[in-house]
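According to Swiss-Prot, the feature active site, S-methylcysteine intermediate maps to C338, an assignment based on sequence analysis. The [4Fe-4S] cluster binding site annotation in Swiss-Prot covers C111, C115, C118. Marked as S-adenosyl-L-methionine binding site by Swiss-Prot on the basis of sequence analysis: G164, E165, S196, S218, L219, H220, N295. Taken from Swiss-Prot, the feature disulfide bond covers C104-C338. As annotated by Swiss-Prot, domain 'Radical SAM core' applies to 97-333.
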Amino acid sequence: MKTNLLNYDLQGLTRHFADMGEKPFRAKQVMRWMHQSGAQNFDEMTDLAKSLRHKLNEQAGIEIPKLMMSQKSSDGTRKWLLDVGTGNGVETVFIPESDRGTLCISSQVGCALECTFCSTGRQGFNRNLTAAEIIGQLWWANKAMGVTPKNERVISNVVMMGMGEPMANFDNVVTALSIMLDDHGYGLSRRRVTVSTSGMVPQMDRLRDVMPVALAVSLHASNDEVRNQIVPLNKKYPLKELMAACQRYLVKAPRDFITFEYVMLDGINDKAQHARELIELVTDVPCKFNLIPFNPFPNSGYERSSNENIRVFRDILQQAGFVVTVRKTRGDDIDAACGQLAGQVQDKTRRQQKWQQILIGQQG
C-alpha cells in the first residue's frame, strides 16, 4: 500500500525522505508543491529529479478526499461534501466576510459527543479523520476559491468547528495544524487558526504545550445543571475544571482571551439570570462571548431564542465590560450554519437509531 504524503507535516515528511535516502530539503520542496501549488501527482514537481519522481510514484501518493457535492448559499457561503470512504462524507464550509475568508473544517465523521442541540451529534459517530482528510478540506477549498486580485489566498482564517470534537482526534488534528501554520504549507498565523472544544480538559492542556493556536470553548450554559443536560461531557469535566483549564491555556495562547461560544436556546439558557451567572463564572478568565442564535434542524426539540432575549442577554454581558458578538446566521439555506452540519455518517454508535425510536414514540 502506498504512503499518502498528505498525512505528514514537515517533520514527518523529512523523516520519510530520510528513510528514502534523500536530503531534508526534498521534504520542503514536496510540501510546497502539495500545499502551495496544489499538486496532485509527483510528475508535476518539475524541480525534482526524474529518478526521485519515479521512486515517489512507486512508493507514495497524494490522496485527497474526492468531492461529492458543492453548494453555494445566497449569502456567498460555500459548502463542500467530501468523500472519506465506506459511505462516509464530511462537510467543510467557507464563510466570506469583507475583511477575511474563513474556512470551517471537520475533524471526525460524525461526533462521539452527544450535545443535544447539534445536528452532527444526532448523526452518531463513525471514526476520526486522518490528517490527510483534515488538511484535504483546506486543500480543496483553496483550489475552489483561488486568490484575490492582490494574489493573496481567499482563505485567511481556519476554524476547527465543523463535524466532530477536534480534541478527541488530537494527534491528527495537531499534524493538520502544523501543516496549516508551516511556511512551506499554508503559512497561516496562529492567531488566525482556532480550535473549538466542548471542554476536553486534558487535551486542552496538551494543545497549549504543543500547538497553542487560538481557542474557542463551546460553553452554552452558565451552570453545571443546564450544561450536564445539553453538553453531556460536562459530567466528566464540570465548569470549575473547565474554567481552570482556560486560565492555564492563556499562558501560551496567541491571543490574550478565550472565545466562549454560547448557543441561544429558547427557555433553556437565555434568561437574564443565566447572563448574570455567566459573568460570575468567567470572572478569572479573560474572554469574549460569541452568542449563536440556534439554527433549527428537523426534530431538534429546541427553538431559537427571541431577538429580544438575545438583545437583553448581550446587553447584560456588555454592561459588565465583555466584548460580545451575536453571530450572523450564514448559509442556513444550504444547512451550512452552526450546528447544522451532518454530512453522511455510517453510524457505529446506534445513536441515529435511538433518536428515530424516540421520535416515533413521540409521534405515537
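Glycine residues also receive a Cβ, built from the backbone N, Cα and C atoms like all the rest.
Each of the binding-site residues C111, C115, C118, L219 was scored by other CB atoms within 10 A of its CB, and the lowest score goes to C115. When each of the binding-site residues S196, S218, N295 is scored by how many other Cβ atoms sit within 10 Å of its Cβ, S196 comes out lowest. Distance noted between the C-alpha atoms of H220 (S-adenosyl-L-methionine binding site) and C115 ([4Fe-4S] cluster binding site) is 10 Å. H220 (S-adenosyl-L-methionine binding site) counts 25 other C-beta atoms within 10 Å of its own C-beta, drawing on all protein chains shown. Each residue in the domain 'Radical SAM core' (97-333) has a pLDDT score, and their mean in this model is 93.
Note: the CA-CA distance between C118 ([4Fe-4S] cluster binding site) and S218 (S-adenosyl-L-methionine binding site) rounds to 11 Å. Nearest by CA distance to S196 (S-adenosyl-L-methionine binding site), out of the recorded positions C104, C111, C115, is C104. The local packing around G164 (S-adenosyl-L-methionine binding site), expressed as other Cβ atoms within 10 Å of its Cβ over all shown chains, amounts to 29. With respect to C111 ([4Fe-4S] cluster binding site), the closest of these recorded positions in Cα terms is E165, chosen from C104, E165, S218.
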